[in-house]
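Structure first, then comments.
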Amino acid sequence: MYHFDTSEGPGVVVLACAAIISLLSICIFFLYKRLRLQNFGNAYINGYFMTLLAANFIQAFGTVMNFRWAQLGRTEDGFYCMAQGGIKNAGNVATALWSFGLAMHLFTLLFLRIRACAFSFWGSLLAGWGLVLFIVCIGPIAIEKPGSPYFGVSGAWCWITDDYPLEQIYLEYFLEYLSAALCMILYTAIILRMRGNLLREEGRWCIRSLPSDEESWQLSLRRDLVDYTMLEAIQRMVWYPLAYTVMLIPITITRLTSFAGGNVPFWAIVIADVVFNLTGFVNVMIFLAMRRFFPDPRTLPELAMARPDVRKSLFKAGGISPFTLERSDDAEKFDVERLARSQTPDVMISLPALAKE
């Protein structure tokens, strides 16, 4: 049991209110069909994003449960506390997993140029949620020690108890940081691929850098219709991993300070958790702001098509130079004759005389 002091009760309420904002944003998004991305109604990217929002919903719901502790003025062990710990763990892990899942789907679609199928989509959903369920259940079933609950009181709310510090790190924190890092790597690779900086020649990947503006036209030769139509959209989707990473920074600082034995004030913990629990709200806002940049995938050419061989030949020797002409002998002779005529006196030629000629 953990009793709140005079400042902790209001802090827990503020944290729960932030979670309600995310919860309501996600609910409104699901209920109002016109807010969704209609162009991707038949594409699997829509399904992955909906799954990510479902994970955000679970994450926010676990925090909303704090209202009970604010009402009691304390946290105490029991079924409600254990349930909150499991829900919070599931929501945080699922958010990390499906942030990576969305990035991986786009990487497969736009970098590897492989279209998803129903089997891979539903298989990834089952595998992903199965992994989340496994991570949540393995603690109480296989790791929990007698007399030391796995999910229980952890300060002003319930989560993995302090008796299991390694599990706190590797079964949640590590997964969140790994997801953020992998998402940034995947989105960076996609952008480089679609801009034409990253290409595959003779079975090897290579990077071509064209720093000067005068040579930027060479880079555009690498782009095909898919690159041009999706580049603007994917550049905006980078906001998802970027936002997730930025929102992890405050809570990372407080957690690392706590692990190092430092004294973290409760107000700092609340601010960090408020930012992190707004993940669902931020995802919905980003989605609504950038949805108009997505084209209808049914109008795109096959993503698996090979790039034209002519473009590969253009870059084997380090590129080509535009407007390069060799001066011919006739051109040289014409310049000499023109110079000679310009040095003779002007002669007035009448129209009748010109007609006789």
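Positions of Cβ are set from backbone N, Cα and C atoms, glycine also.
Some features that TrEMBL has for this protein:
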- 12-32: transmembrane segment (TRANSMEM)
- 44-70: transmembrane segment (TRANSMEM)
- 90-112: transmembrane segment (TRANSMEM)
- 119-143: transmembrane segment (TRANSMEM)
- 174-192: transmembrane segment (TRANSMEM)
- 238-260: transmembrane segment (TRANSMEM)
- 266-290: transmembrane segment (TRANSMEM)
Intrachain residues whose Cβ lies under 8 Å of the transmembrane segment (12-32), provided they are six or more past its termini: 4, 50, 53, 56-57, 59-67, 69-70, 156-157, 270, 273-274, 277-281, 284-285, 287
Stretch contact, the transmembrane segment (44-70) with the transmembrane segment (174-192), Cβ-Cβ under 8 Å, 3+ pairs: no
Positions on the same chain near the transmembrane segment (174-192), where near means CB under 8 A and six or more residues out: 92-93, 95-97, 99-100, 103-104, 106-107, 110-111, 135, 198, 207, 231, 234-235, 237-238, 240-242, 244-245, 248, 252
